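Note sheet for the following structure.
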Amino acid sequence: MASSGEERSSGSPGRAGTGTEPSPTADAAQLDTAEDFEVLEEEEEEEEEDLSEMPPLEDVGRPPAPPREDAQPSEQGGGEGCEDPQEWLDVLGSGLLKKKTLVPGQGVDTRPRKGQDVTVRLKATLEDGSVVEENPALTFTLGDCDVLQALDLCVQLLEMGETALIVSDAKYCYGAQGRSPDVPPNAALTLEVELLAAQDAPDLELLSGKEKIELANRKRERGNFFYQQADYVLAINSYDIALKVISSSSKVDFSPDEEAELLAVKVKCLNNLAASQLKLDHYEAALKSCNLVLEQQPGNIKALFRKGKVLAQQGEYREAIPILKAALKLEPSNKTIHAELSKLVKKHADQKNVETEMYRKMLGNPSAASAPGKCKDKLPWSIPWKWLFGATAIALGGVALSVVIAARN
């Protein structure tokens, strides 16, 4: 069941997954496969370096449109609205994400709220004008990072019925990886967005088992997308939302199969959450996530491996080694666990040598302690003459004193 769940296509028709996920070749489902979970993490580290070198764009706005021939400057107050830079709203204050209203909406009071399900019309283009996305009715939960960050951040500022132009740096779109084959790495996007509808998200307590599983899987797959993009903070956010969906109380009865599938999704989320936390060196949080998995599945290889790795990162080699040995016993052919265990055994041996040397220095040089033993061996055979003379004198004095006392008596 677990493997089939990971091979599902991310996103569903009419939901946020449509048009906002990477191509299938970059499927983040590998996160929860049992064989190559460490290989994926090593590849992610290379992507992380690429992200850190991403050059910021000096100007993310598209060139202003030329003035219309029939427009009168006196009537337009200085030209068309798209020519006035003051009409661009710098959403984050960094110049990397800007919004401009093309068609006014129905008022500030009609703006959607975080947590609501919104539906928008979307058209996304590259800087050269080529269209890479068109969706007449894209629905997603606002504020859950279900879609591009640029879209999630700016739709909160739209009024109902408003059409806006959004220009975004690659940082808030597809980043350094891009989206094969149509979005190049480090590509800025221009989004034309119209807010069509907004309504409260469905009550989690009233969701059927199938609906809850589908919702949790969408959030988990979004977390996998962010993990592939090396954005581990947003990945953690998505996994946390998925776990919140799974753990929410319900007024609907679930079948045993639905309960089992919910547990499988929960385990996947916790394992991938631990992987993300480990990337950010959040060791205590990662250890907690691993333990939650092991409470449900004591023989979960991924959780055992990551728990051992967390303990090793904290220098707890003595505790980490038996955990990795337990994982290796469950899967003796796993080369990743073999390599990690060998590395920890060597580190543990080195740590013991360092501790032994430290205790030796604290207690003093052991060679000095052996000196009194040698002296004891020599004492019966090499008593100094001064001691012998003194002892003889004391003995003679005692005899003389005894004679004097006897004479008096």
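Each residue, glycine too, has its Cβ placed from N, Cα and C.
These numbers come from a predicted model, not from an experiment.
Here is what TrEMBL records for this protein:
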REGION    1-87  region 'Disordered'
COMPBIAS  33-52  compositional bias 'Acidic residues'
DOMAIN    115-199  domain 'PPIase FKBP-type'
REPEAT    301-334  repeat 'TPR'
TRANSMEM  385-407  transmembrane segment
Averaged pLDDT score, the repeat 'TPR' (301-334): 91
Counts of helix, strand and coil residues, the repeat 'TPR' (301-334), according to DSSP: 27 helix, 0 strand, 7 coil
Helix-strand-coil residue split for the domain 'PPIase FKBP-type' (115-199), DSSP-based: 10 helix, 41 strand, 34 coil
